[in-house]
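Please read the structure below before turning to the comments.
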Amino acid sequence: MSVERDFSRVGRVVVKVGSSSLIYPTGRPNLAQMENLVRQLADLHNQGRQVLLVTSGAIGVGVHRLGFARRPADLPETQAAAAVGQGMLMHMYEKFFAEYGVTTGQVLLTREDLADRRRFLNARNTMYALMRLGVVPVINENDTVAVEEIKFGDNDNLAALVAGLVDADLMILLSDIAGLYDADPRHYEQACLIDQVTEITPAMEDAAGGAGTGLGTGGMATKLQAARMAMHFGLVTVLARAGEKDVVRRVLAGEKLGTVFWPSGRLENKKRWIAYGSCVSGNIHVDGGAARALLQKGKSLLPSGITRVEGDFEMGNTVCIIGPDGVEIARGIVNYTAAEVDRIKGLQTGEIFRVLGHKDYDEVVHRNNMVLDA
Ligand code: GLU
């Protein structure tokens, strides 16, 4: 049964637009599309909704401006293209938004900014301040400085993290495809558009395949990752075609356009960060009893159920908790260092002080700092 889409009470919306929707095959910016999008976002802003734009296209625009035939294989040249393109992109957004009397602010984020809890909160404060001041944040990854190994790489995941960070109600992912299909529409003519999703199934992931067009880095696979994250956060995602006439306005009006992903839970803000923002520093393996206590009884992780430690983590880092079958069951912030956990594993909490000479916590990972099925 199809649930009616009622977005009349959506107050805060994150809109993400992909490179292929902003750049013509000639390599030059698609000004008509960009202007059209800005007009719709300015209109949402005028309605009193808070709008955040996550935009790709920096590398694509820069590649053309620098005269490269295609995206360079070389990292410094790609970063140079991003530096050139980001300025151009921002110039265009600022100009178009200004025509409708809306002020924009550029926010460039790296994976590291969101992995560090303090910097994550700082980014959130800045975003809130911008919105309070009536500014539309225009967000992209800071491709010029982001190092390859620790990049988001795609703006779909970045958009979902941002939507979680600012506690948005709705995320709209705009690209050159009309929504999620039950098979890859580029290869199967009979592929059907899926109207709504309440659970992302392995079959959907298979149909999503790999990367998309040559310009952007995302494809349907990263869109599904982003939608899954948003579902877990408790916010709605709509996937639709950027070129569809008045797409943003029509999505907000509840029109059946593209694919809607309904929330599956409601993760509180700190747990959003634990599950998707922070970087994992190690693994703690647990026995069957501890796995059941976490999964079925809502308990914290105590030393007694721990069988093995991997990695070199510090207190306060995020670790994965791995069940006896080798599968991750939870993720959380650890109260002891890897060396300490190794020394107290298998012991009763009463023995922690005797072994370590100090005891700040009974729990190795407290329930309040733990997320199941991240
Ligand atoms: N941050 C990249 C850019 O602006 C795009 C990433 C993506 O394609 O998702 O060019």
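Using N, Cα and C of the backbone, Cβ positions are placed for all residues, glycine too.
Substrate binds Ser56, Asp143 as TrEMBL records it, and from the list Asn46, Asn155 the residue named for this site is Asn155. Helix, strand and coil residue tallies for the domain 'PUA' (282-365), in that order: 28 helix, 25 strand, 31 coil [DSSP]. Ranking the binding-site residues Asp143, Asp176 by how many other Cβ atoms lie within 10 angstroms of each Cβ puts Asp176 at the bottom. Its Cβ taken as reference, Met220 (ATP binding site) is surrounded by 25 other Cβ atoms within 10 Å in the chains shown.
The Cα atom of Ser56 (substrate binding site) lies nearest to that of Lys16, taking the binding-site residues Lys16, Asp176, Met220, Thr222 as the candidates.
If you measure from the Cα atom of Met220 (ATP binding site) to that of Asp143 (substrate binding site), you get 21 Å.
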